[in-house]
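**Q** Copied straight from TrEMBL:
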TRANSMEM  12-33  transmembrane segment
DOMAIN    70-512  domain 'Amidase'
ACT_SITE  LYS135  active site, charge relay system
ACT_SITE  SER210  active site, charge relay system
ACT_SITE  SER234  active site, acyl-ester intermediate
Amino acid sequence: MKMLKSLVRTLMSALYLWTRVYFFWVRLLFWLLNSLRPRGRLPKPNEPLILMSASEAARQLRRREITSVELIEAYIARIEEVNPYLNAVVVKNYEQALALARQADAQFEGFDIGDDGEVRGLEEKPYLGVPFTLKDCMEVQGLICTAGIINRRELRSESDATVVARMRAAGGIPLVITNVSEVCMWWESNNRIYGRTKNPYDSRRIVGGSSGGEAALIAAAGSVWGIGSDIGGSIRLPAFFNGLFGLKPTPGLVPDEGCIPYPHGYQKVMHSPGPICRYAEDLKPMLRILAGPTVTEYKLRLDEPVDFRRVKLFYMEGLRTPAAVSLDDDMRGALKKAVRFFETRYDLLGHRLDLPLAHYALQFFLSSIDNPDAPKFSEQMLNRQGTVNAWKELVQWPIGRSQHTLPALLLAALERIAPFDQEHKRKLFSLRDILIRELHELLGDNGVLVFPAFPTVAPFHNEPVLTPFNFIYTGLWNALGMPVVSCPMGLNGGRVPVGVQIVAAPGNDRLLIAAAMELENGFGGWHVPS
């Protein structure tokens with residue numbers, strides 16, 4: 001038995017070293033292929049109306065310093081300016097948005113102004129007249145919602161998703177819908193209906209997925225905040241690649257009715273809609289709106305101040321797995337800067353962790369998301385109106401005759417190969433649940449864990465096909481059911497974003513939001529793409 005264990009360790013070490021060589025050559029190849037290509041340059045945003053937070057815009061609207069029509073028109077102009085560079089917007093709701101803006105302005109005129117200079121009587125609609133955007137998997141009544149699925153390209157939604165209805169109830173105005181990956185199950189936003197979205201900081205690089213179009217538009221100042229959804233990093237990866245704040249809330253806090261595809265079983269623990277914001281101060285109000293009455297039910301205490309001098313600070317320098325690229329210098333540097341910031345500012349001592357079970361991240365994710373009762377991915381690719389013959393489509397793909405993207409076809413082909421039998425899954429679930437309990441006990445109600453946002457900065461287009469499991473830096477936390485926020489930490493020498501994730505125990509979203517605001521103060525938050 002000892003000899004067998006020794007042999008397994010030797011083989012795993014050899015596999016790890018081999019994959020380091022493989023990843024080195026993949027990254028070098030894509031760097032060489034892109035080194036002579038232009039990176040693109042966005043027009044600089046100059047309109048002050050689009051350079052304020054959603055919360056500040058709402059304040060100025062209540063003071064009648066600006067009008068909703070002016071605000072909406074400013075964002076429409078910016079979208080029309082940057083979308084040719086990005087290909088982020090897939091559905092435009094301009095006419096209805098302007099009509100709702102005129103109604104909002106009329107409502108403001110119909111109420112008195114209080115002693116503080118703000119309109120009174122609109123407490124139920126704190127964001128009246130403020131536009132928001134959303135990814136193409138949230139249903140908006142009367143608008144097309146595809147989730148990147150070719151069979152849905154002409155389907156209009158009959159009602160609003162719950163999160164959309166709640167944003168409307170708070171006074172928000174849906175302005176546009178943004179691009180996603182096919183079936184929202186890949187971490188580059190590209191599909192055969194609308195094409196590929198480009199990164200506003202470097203057009204040669206990906207925007208992430210599946211909320212990639214949303215993050216790209218917000219980073220380019222074409223929107224100030226938007227609704228994403230996250231089952232493996234689909235909020236946090238795009239937020240990181242585009243230099244924004246992205247929050248995956250506590251599981252169950254934000255309803256997912258009206259999201260396509262709809263999660264089943266344990267997938268509902270892994271999946272959550274949530275906010276993507278340019279400014280950290282907008283995370284809390286948007287979470288409050290999206291969560292609705294469950295904010296009280298979950299006892300989130302969102303308005304309770306966080307005293308960071310009493311917060312337990314932990315950090316972990318990535319994952320040791322043969323499936324993912326090793327943490328690079330830019331990302332390690334961002335992690336250390338974040339830890340030093342909290343240590344210095346609040347006289348804390350950061351505790352470095354190496355959680356052995358965390359290195360099973362990929363196994364935990366794949367076993368957790370696998371649900372035999374859920375529709376097959378190959379069925380979802382056709383909106384459950386048939387089943388894609390993945391192997392046939394893979395033969396047709398190189399000659400341009402497939403209606404599907406390569407990552408989707410590979411996922412459909414591989415889903416028939418069960419990676420784990422039921423006994424193996426039970427063992428993995430047992431280990432996963434041990435790690436969950438360990439983290440809950442470690443973090444408690446006053447602990448945060450600083451973790452890399454990703455092993456590298458945003459990869460080049462198509463690179464994820466050859467490094468498919470790098471997403472596990474975010475996917476781990478979905479499998480564990482933890483709330484997480486992605487925070488920008490400035491730009492590297494190549495002028496692309498670096499960042500970190502902050503993890504807390506369930507129900508402690510307020511710690512994450514407070515940490516995001518601290519890091520924004522320390523490192524400047526969103527930087528204008530240049």
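Placed from the backbone N, Cα and C atoms, the Cβ positions cover glycine too.
Heads up, TrEMBL stuff is auto-annotated, nobody curated it.
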**Q** So what's near the transmembrane segment (12-33) in sequence-distant terms, Cβ-Cβ under 8 Å and 6+ beyond its ends?
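**A** Counting only partners 6 or more residues beyond its ends, the transmembrane segment (12-33) has Cβ contacts under 8 Å with 320, 322-323, 325-326, 456, 459-460, 462-463, 466-467.
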**Q** Please identify which of SER210, SER234 has the densest Cβ environment, defined as other Cβ atoms within 10 Å, among these active-site residues.
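**A** Ranked by Cβ atoms within 10 Å, first place goes to SER234.
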**Q** Mean pLDDT, the domain 'Amidase' (70-512)?
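**A** Across the residues of the domain 'Amidase' (70-512) the model's pLDDT averages 97 on the 0 to 100 scale.
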**Q** For LYS135 (active site, charge relay system), just count the other CB atoms lying within 10 A of its CB, please.
**A** 33
**Q** Rounded to the nearest Å, what's the C-alpha distance separating LYS135 (active site, charge relay system) and SER210 (active site, charge relay system)? Just drop the number here, would you?
**A** 8
**Q** If one measures from the C-alpha of SER210 (active site, charge relay system) to the C-alpha of SER234 (active site, acyl-ester intermediate), what distance in angstrom results, rounded to a whole number?
**A** 5
